[in-house]
Amino acid sequence: MFVDQVNIYVKAGDGGRGQVAFRREKYVPDGGPAGGDGGHGAHVVLEVDEGLRTLMDFRYKRHFKAVQGENGMSKGMHGRKAEHLVVKVPPGTVVYDDDTDAVIADLVHHGQQAIVAKGGRGGRGNSRFATPANPAPEHAENGEPGEEKYLKLELKMLADVGLVGFPSVGKSTMLSIVSAARPKIGAYHFTTITPNIGVVETEDSRSFVMADLPGLIEGASEGVGLGHQFLRHVERTKVIVHVIDMSGMEGRDPIDDYNIINKELADYNLRLTERPQVVVANKMDMPDAEANLEAFKEAFPDLEVFAISAATRQGLRDLLFRIADLVDATPEFGLEELEEKTATPRVVYGYEAPEAGFTVSKDEDDCFVIKGPRIEKLFTMTNFMREESIKRFARTLRQMGVDEELRKMGAIDGDVVRIRDFEFEFIESSF
């Protein structure tokens, strides 16, 4: 089964918890803090494996959770950082954030890696918080939570040449003749329902990878007939070979077929029309093929057309030489040129903006709700089982201006304040 699109969930490892400990040795009174830091949590990493050809493995496992870092220990010993979780994907995999549809990575080359979820930082032990004013702190941090994301993986096959055309025009037959590939061939439409790949070698020892793509129909660019699934595999090809049934035995007009397929390519992605395209008039061994070819050339006098018969191998030698010339002369197309046309341009920056401040709002229960990445991170890394950690948490909120904002919103003693799933009372005298 060929699988070229899946949705998965990834969760990076949390950081290990920092330790509260003190140096306790004979003849060393008041040894001071000696709590170690927690280890960093594991990343979730996608890595290209050239031995894979589809995303089939993800049909059976879609949740990937990395391990957390080791907790800090006494005697100043830090926890071990966790080993990253490496998930193998086939070459040509494009990774999207399923919530924003932003491109996270384009994985092409064997061994190429991309971190799709970062592990959390390990919490600091109490030895990190010692100051002249507080030489023996009883405060340590929890580990930072690892990132979690829903991702969409799309496989856009890596082939130098893509065969496109209506169903039953002879694409599979042509691939089976010029390469060692053995696609399914039948006298009915949509015999090919998944892409097939073969390596073609010319008589002058040049080689290229050719993909036989399932037949397109009118409206493919809008998803008709699984058009989006088929067209995405054309995006990486350097050369498009447009195969046309010149016999007319299916009751179609070769001129109309040529115009319709090119319109679908342009509607799906305008950049596809910039690729070199080789027009192949197939089934020239059939009756009426010559007459149809003459009419086709009259309609497109400036178009280079290769007349062949895949069944009898007529004209294949010159065709393959021409394709090899174009493959050699055409550069690779980068990811920015592969992006599908959308209503608004998709922009992805590598720069990460600084964490924003916070917001205070009231919910339907008159509870004050505080939100903000920095505050929520502080909350998750605070150990509320220790009084000193709670005091430090409250002091940090006050320094950030949270208590002042609550007063502006009308908070008085006894009002409930919520951060994530944690609720506490606003007390003017101590907050």
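The backbone N, Cα and C atoms fix where each Cβ goes, glycine too.
Taken straight from Swiss-Prot:
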| type | residues | note |
| --- | --- | --- |
| BINDING | 165-172, 190-194, 212-215, 282-285, 309-311 | GTP binding site |
| BINDING | Ser172, Thr192 | Mg(2+) binding site |
| DOMAIN | 1-158 | domain 'Obg' |
| DOMAIN | 159-328 | domain 'OBG-type G' |
| DOMAIN | 350-428 | domain 'OCT' |
| REGION | 117-145 | region 'Disordered' |
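A strand conformation is recorded for Ser309 (GTP binding site) in the three-state DSSP classification. Ser172 (Mg(2+) binding site) sits 11 Å from Gly165 (GTP binding site), taking the C-alpha atoms as the reference points. The binding-site residues Lys171, Lys283 differ in how many other CB atoms lie within 10 Å of their CB, and the one with the most is Lys171. Classification of Lys283 (GTP binding site) by DSSP places it in coil, neither helical nor stranded.
Around Ser309 (GTP binding site), the same-chain residues six or more apart in sequence whose CB sits under 8 Å from its CB are Asn282, Lys283, Met284, Asp285, Gly315, listed in sequence order. The 10 Å shell around the Cβ of Ser168 (GTP binding site) contains 22 further Cβ atoms across the protein chains shown.
Along the domain 'Obg' (1-158), the predicted structure has mean pLDDT 91.
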